[in-house]
Amino acid sequence: MQSAIKPVEYDRPLAAGAACGVGEAWAKVPAPLAAGEREALKARIKALLEREKAVLVAHYYVDAELQELADETGGCVADSLEMARFGRDHGAQTLVVAGVRFMGETAKILSPGKRVLMPDLDATCSLDLGCPVDEFSRFCDAHPDRTVVVYANTSAAVKARADWMVTSSIGLEIVANLHARGEKIIWAPDRHLGGYIQKKTGADMLMWQGSCLVHDEFKGIELDLLRNEYPDAKILVHPESPEGVVALADVVGSTTQLIDAAVKLDAQRFIVATDLGILHKMRLAAPGKTFIEAPTAGNSATCKSCAHCPWMAMNVLSNLADVLERGHNEIFVDAAIAERARVPIDRMLDFAARHKQRVQASGDLLRDQQLFANVGAA
């Protein structure tokens, strides 16, 4: 059975990056598999990983079965940068990246001598789509006095135009450091994450107006109603969410930080405002606790993604097996672009090392206290 095609709308910043229109893209909807097919594919994938001496590197947002395969075969399930670092440091010469295209590109930039494959090269990201390099370069050229800071969710070409790359777990600290040095900033592409960091640091930040189509759907009105229904629940929010959602959070953090909070916080119930793919890892990490999806439907909300990235959903058992069997869907990054893009990535890694801070949480809430910058009433 062939995959269907799903139209997807996303925020498309207009000229100069100061206003937003609507862009149109598409995502494949994979054909469902019977239970017997799934088990056969899992066994085939395990054998192919061994045959190809490959390692599976998966994001928290992909299908639970792919996350399980990564864990069972000595791979990695992590956020985008930890995926790339794992691939760089692992002995395998073939990395299979289950995620979206910018993750494969970042893995290739950090592991230029390795073969990087992806189940589907068309798996993209609304933040990446909403920040075309030509338009972004013109935006930067119009403000030459500003330091360019881009989020990991961008193409290699956009990273190559930047001074710094950040992830959601260290962006606050890097921007605070730049602000303390008196630097004015261009921030791209996520306006919600940028606004959160700007509010926390007071930095002079000129924003590109992109957004994640998953997190942008969460709305404060419905979340507040759900909180009233479950007053004992802690609210975990990714900072790509709108300001009204962040304001209701008990913890704001990256994917890794939210998982860590679910384990460490003294609560039995959590409302989670990020891609529902993360719930698999949360349930494994904190068995016995209850996780409730933050609402993406209601009077003020929509359900364009229903809290699951349509491009992450393109990573499935069938195309994972196929890419291992055929060795296609290889990621290539132009050498000149890769060389320039590695500069802002290495700056972030060097900053983290100098400040003795991992880019993801360490697992110790006391040690990571500064990462949980937005803690509301219990």
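Note that Cβ sites are derived from N, Cα and C of the backbone, with glycine treated the same way.
The iminosuccinate binding site feature in Swiss-Prot is assigned to His59, Ser80, Tyr151, Ala152, Asn153, Ser168, His238, Pro239, Glu240, Thr255; the stated evidence is sequence analysis. For Tyr151 (iminosuccinate binding site), the same-chain residues that are 6 or more apart in sequence and have a Cβ closer than 8 Å to its Cβ are Leu127, Met165, Val166, Thr167, Ser168, Gly171, Ala188, Pro189, Asp190, Leu193.
The feature [4Fe-4S] cluster binding site is assigned by Swiss-Prot to Cys125, Cys212, Cys309. DSSP classifies Cys125 ([4Fe-4S] cluster binding site) as coil under the three-state reduction.
DSSP classifies Cys309 ([4Fe-4S] cluster binding site) as coil under the three-state reduction. Note on His59 (iminosuccinate binding site): other Cβ atoms within 10 Å of its Cβ, all shown chains, come to 27. Comparing C-alpha positions, Cys212 ([4Fe-4S] cluster binding site) sits nearest to Glu240 among the binding-site residues His59, Asn153, His238, Glu240. Rounded to a whole number, the distance between the Cα atoms of Cys125 ([4Fe-4S] cluster binding site) and His59 (iminosuccinate binding site) is 13 Å. Same-chain neighbours of the [4Fe-4S] cluster site beyond Cys125, Cys212, Cys309, judged by a C-beta within 8 angstroms of the site's C-beta center, are, in sequence order, Val100, Ser126, Leu127, Asn153, Leu213, Val214, His215, Asp275, Trp311, Met312. In this structure the alpha carbons, written CA, of Glu240 (iminosuccinate binding site) and Cys125 ([4Fe-4S] cluster binding site) are 13 Å apart. The Cβ of Cys212 ([4Fe-4S] cluster binding site) has 26 neighbouring Cβ atoms from other residues within 10 Å, across all protein chains displayed.
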